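**Student:** Input: one structure, supplied below.
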Amino acid sequence: MSKKALLIICDGWGIGDKGKDDVIFNTPTPYWDELLKTYPASQLQASGENVGLPDGQMGNSEVGHLNIGAGRIVYQDLVKINIACRENTIMENPEIKRAYSYAKENNKQIHFMGLVSDGGVHSSLEHLLKLTDIAKEYGISKAYVHCFMDGRDTDPKSGKGFIEELENHLKTTGGKIASIIGRYYAMDRDKRWERVKEAYDLLVEGKGKQAECMVKAMEESYAEGVTDEFIKPIVHVENGKPVAVIEEGDVVIFFNYRNDRAKELTVVLTQQDMPEAGMHTIPGLQYFCMTPYDASFKGVHILFDKENVNNTLGEFLANVGKTQLHIAETEKYAHVTFFFNGGRETPFDSEERILVPSPKVATYDLKPEMSAFEVKDKLVDAINTKKFDFIVVNYANGDMVGHTGIYKAIEKAVVTIDACLHDTVEAAKANDYEVIIIADHGNADHALNEDGTPNTAHSLNPVPFVYVTANKDAKVEDGILADVAPSILHILGLKQPKEMTGKSLIK
């Protein structure tokens, strides 16, 4: 079996519950209905762990296109680290080994610093507790936690509970809380260096309100009307001296996995002296970031580096000499190029791209058609040349108009997509292309909340997989987004590379 293949991604076109909220079901779509009656169709899971996100988290366009093009589940940082902690593979991480071995062999302090909360945006309490477990396994007694309090992604007075939980855990692993400060100071991202200095002085010089009981110190802060985000520096003292400060040659692990609010503190500790602000880098620090914080940082270690997604569908087709076209309007152009190609900006050899400008309107309910018809016209022209072995197109309307929450506009968007599908698929059939129609996630399938108010978010619904083929015996199975690339290779008569762990859904 060796044909040409067209992949149509109808962005935000999920399979809804056929209730009032399901605009796709409630809007006349004669051509879409005909496709579903005529050709084999199944469902793809496009959210949560099926696309490398935390369980129950709705999919998005970036993650969706990454998985579609990669032909494998591409785990996001949080999930990747969660799996490493739960399956204990973190113990095999070479940078983890380096950090703990260095501290043990050189009798150095190891400092864990980061946001102590379960907000799940910047850090995970689970990761911190695991890091303290590893210190126990290595027999490191000089392990200290510097707690940045949240109150933005969590309740403003939830921090005391996290400190209690951490202290109870440290009773089993050893180690101590060394300091507490609000994220307002420790996690600034707007170059307010006077705030960062409050955190720096606490970490390096032990400057702050002295306390022997950290839970009591939190209670006192609340009593003064100061909540988690704004907690002033608190230093844990024993016999009148700080339990621990960061010293020359120590090990520091910054366990925030999101980079934006971890950069400034990392800069002043490791990258750049700021004498005018009274901050100097600490010599000889063994400094470990949970993920890459900034490509320009020198001399820091990264515990979980970005994966290179090799042998994506685009790269594989280029390597075997197949021609390909990636086409979309502005709003989704990065998705069918950069994300679809595994985070690569430049086109592969024999890859062509067409960008159609999105309409310049304030919100897309004002023009629900967007530039879909222009995309369709250019796409049909390209199909008629028979030049390309593989084409991927994104129709943006279901998602971008779905985000407005305006029901009538979403109806128009759905009608637009149905018309574009007709012209696109008929041209493909006339030129001997087989077609797969999918979505990257849901949106227009769930336009209302239960109380009837507009829902502007993505949905957790599965998405369609429709296989337009002349083969009357063809069947398709249910799957996940990672199964799309292997299915395209099946149409093209190519064996999928070992890096692709998805499977062809065409039987």
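Yeah, the Cβs are placed from backbone N, Cα and C, and that goes for glycine too.
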**Student:** What does Swiss-Prot list, out of Ser61, Ser487, Ser504, as binding the same Mn(2+) 2 as Asp11, Asp440, His441?
**Tutor:** Ser61
**Student:** If Swiss-Prot says His122, Arg152, Asp153, Arg189, Arg258, Asn259, Asp260, Arg261, Lys332 bind substrate, which of Arg183, Arg344 does it name for the same site?
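**Tutor:** Candidate in the recorded substrate site: Arg183.
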**Student:** Hey, Swiss-Prot has Mn(2+) 1 bound by Asp399, His403. Any idea which of His326, His446, His458 it lists too?
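**Tutor:** Given Asp399, His403 bind Mn(2+) 1 in Swiss-Prot, the matching entry from His326, His446, His458 is His458.
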**Student:** Using the structure shown, find which entry in His122, Arg189, His403, His441 (the binding-site residues) has the sparsest Cβ neighbourhood within 10 Å.
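**Tutor:** Fewest other Cβ atoms within 10 Å, among the binding-site residues His122, Arg189, His403, His441, is found for Arg189.
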**Student:** Using a 10 Å radius around each Cβ and all protein chains in view, which of these binding-site residues has the most neighbours: Ser61, Asn259?
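**Tutor:** The residue with the densest Cβ neighbourhood is Ser61.
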**Student:** Around the Cβ of Arg261 (substrate binding site), how many other Cβ atoms lie within 10 Å? Please give the count over every shown protein chain.
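**Tutor:** The Cβ of Arg261 (substrate binding site) has 21 Cβ neighbours within 10 Å.
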**Student:** Excluding Asp399, His403, His458, which residues of the same chain place their Cβ within 8 Å of the centroid of the Cβ atoms of the recorded Mn(2+) 1 site?
**Tutor:** Asp11, Gly12, Ser61, Gly398, Met400, Gly402, His441, Asn443, Ala444, Thr456, Ala457
**Student:** Out of Asp399, Asp440, which of the binding-site residues is least crowded by other Cβ atoms within 10 Å?
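**Tutor:** Looking at the binding-site residues Asp399, Asp440, the Cβ with the fewest others within 10 Å is that of Asp399.
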**Student:** Other than Asp11, Ser61, Asp440, His441, which residues of the chain come within 8 Å of the Mn(2+) 2 site, judged by Cβ distance to the Cβ centroid of those residues?
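**Tutor:** For the Mn(2+) 2 site the neighbour list reads Ile9, Gly12, Ala46, Gly59, Asn60, Gly64, His65, Lys332, His335, Asp399, Ala439, Asn443, His458.
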**Student:** Three states by DSSP: which one describes Arg261 (substrate binding site)?
**Tutor:** coil
**Student:** Taking just the CA atoms, what is the gap between His441 (Mn(2+) 2 binding site) and His458 (Mn(2+) 1 binding site) in Å?
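**Tutor:** His441 (Mn(2+) 2 binding site) and His458 (Mn(2+) 1 binding site) have their Cα atoms 7 Å apart.
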